[in-house]
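What TrEMBL says about this one:
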TRANSMEM  7-26  transmembrane segment
DOMAIN    125-155  domain 'EGF-like'
DOMAIN    173-214  domain 'EGF-like'
DOMAIN    216-245  domain 'EGF-like'
DOMAIN    263-304  domain 'EGF-like'
DOMAIN    306-338  domain 'EGF-like'
DOMAIN    349-384  domain 'EGF-like'
DOMAIN    395-431  domain 'EGF-like'
TRANSMEM  449-471  transmembrane segment
Amino acid sequence: MAEGTGLFHCSWIAVLLCVTPVIIAYDASNGYTGRFLGYSVYISNTTNKEDGVLCFRDTNYTRATIPNPVNITCPFHGRYVIYYNNRTHPPYPDGYTQYAYNELCELEVLGCPTSGYYGESCSLPCPQNCQEGHCHITEGTCLGCLPGYIGQKCDEECKNKKYGLECNQTCGNCTNGEPCHHVNGSCLNGCDVGVFGDKCDQECLSGWHGKNCSEKCGDNCYGCNRFTGRCEAGCLPGWKGDFCEKMCDGRKYGANCTEDCGSCLNLEQCHHINGSCLNGCSAGYRGHICTEECSEGFYGNNCSETCNSNCGDPGQCDRVSGQCNGGCQPGWRNPKCNAKCGSRTFGRDCIESCGECVTKDQCHHINGSCLGGCDQGYQGIKCTEGCPRGVFADGCLNNCSLHCKVPMECDRVTGRCFDGCKPGWSDPTCNTEVQLRYISQENETMSSAFYSVLGLLILSVICNVLCAIRLSRNTACWRHREEIQQEESGLPIASRSPREIYDQVEKTSDYQELGDVSKPTLYETLT
């Protein structure tokens with residue numbers, strides 16, 4: 001089958017099977033040999049030369065040097081021998097025609113008629129592992145080997161972890177480094193780590209690793225090394241470690257455990273993924289992750305407590321402790337200004353002392369007033385003013401006694417007269433008249449003195465009475481004797497009084513004023 005139209009290319013195709021030499025003869029007796037220069041010969045299994053093998057291409061011949069016939073060795077197998085020429089890439093050497101033509105006289109293609117044999121009579125079988133059973137038609141060497149074999153006669157299996165056509169494919173990662181099957185590359189005992197498939201040449205899919213890719217990467221991996229399982233692509237937030245098997249700790253959380261936990265209660269570890277504080281916030285902080293400081297007016301754990309309105313700056317306090325900024329308002333004490341002044345103090349910072357409130361009560365914590373009144377001897381709202389001269393006791397409402405030796409001068413608390421009482425008055429306040437019987441259960445010495453004086457007084461009276469009786473009797477006796485004597489002498493009886501008989505005696509009182517006992521009274525002793 002020939003094509004030659006006088007255009008820029010032409011071809012001639014012969015159908016055959018087993019080829020050795022190709023002999024081409026042309027007509028050299030005319031002037032058209034220039035049309036033969038630059039030709040090519042291909043062997044192909046299709047009618048397309050591009051699918052075949054180039055056996056020969058003329059690049060050097062001239063009209064004078066080109067042989068006739070031409071003997072081309074082409075030890076290939078194919079279904080077609082293609083003669084081809086063209087004039088598509090000028091300029092061409094001298095002697096080349098402008099157009100391409102096919103003007104062959106004879107084309108001989110020699111070979112065996114049956115595939116798989118070689119030799120002069122094509123009686124010798126080609127080696128069994130020759131590709132497609134073809135071998136060199138004269139030498140019997142394989143023109144190519146079946147997959148898995150090499151050598152001139154394809155009698156050697158692939159080595160060095162190679163397999164397939166011409167042993168140019170590399171085995172996959174068979175287990176323990178074993179060689180694969182020399183023909184198809186399959187790993188007879190399975191795959192080593194990081195690969196899977198019959199040939200162990202497919203990398204593990206994402207999320208898998210190990211032998212035959214049978215092990216799953218850690219659940220917390222973004223992606224692991226297919227050989228080792230290490231999470232080289234990093235861990236999901238909240239996890240760490242070579243295999244992302246450890247939760248974030250050390251008060252860290254989030255991606256790669258690089259985020260710092262907030263102020264969780266008692267500085268506990270926050271949630272390893274989102275940083276939330278599971279048991280709430282420490283004093284002074286709030287929010288999901290306890291990083292927000294308390295708003296103005298709030299303090300404590302989770303900012304749940306309100307600053308006291310009794311702060312010096314109302315509602316302003318330390319966000320952690322609740323201690324009031326600027327101290328407390330009058331009547332309240334630190335640190336949180338939630339306790340009234342005590343220990344008998346009042347006012348700002350509780351530094352002022354209460355006055356003399358009754359029974360030493362606590363005064364009003366803000367203004368210092370004594371709600372129950374003043375103790376004896378004091379007056380005023382705060383009971384800090386002592387009673388003025390002349391008054392004493394509760395509210396300074398009692399007047400000092402007029403019977404004080406110095407009238408209206410007394411102790412402002414007890415009312416006791418400073419210099420004692422006037423005669424006839426007693427007790428500390430000089431408001432009690434002195435009685436004849438002054439009995440004091442607490443002072444037996446005073447009672448003994450009183451009764452001693454009283455006994456002496458009675459004895460004196462008795463003595464005086466006895467003396468008077470005796471005097472009266474003596475006077476009567478004297479008169480009787482006088483009468484007897486007068487009768488005996490005959491003289492008249494005298495009529496003078498007995499007082500004229502005796503000398504005038506100094507008048508004496510039958511009573512004697514008792515002096516004041518110098519012993520102090522019970523009340524004086526107590527004061």
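Backbone N, Cα and C define each Cβ position, glycine as well.
For the domain 'EGF-like' (173-214), residue counts in helix, strand and coil come to 3 helix, 10 strand, 29 coil, using DSSP.
Residues 18-20, 75-77, 111-112, 115-119, 163-167, 181-184 of the same chain lie 6 or more positions beyond the ends of the domain 'EGF-like' (125-155) yet place their CB under 8 Å from a CB of it. Residue counts of the domain 'EGF-like' (125-155) by helix, strand and coil are 3 helix, 7 strand, 21 coil (DSSP-based). Summarising model confidence by region, the domain 'EGF-like' (306-338) averages a pLDDT of 90.
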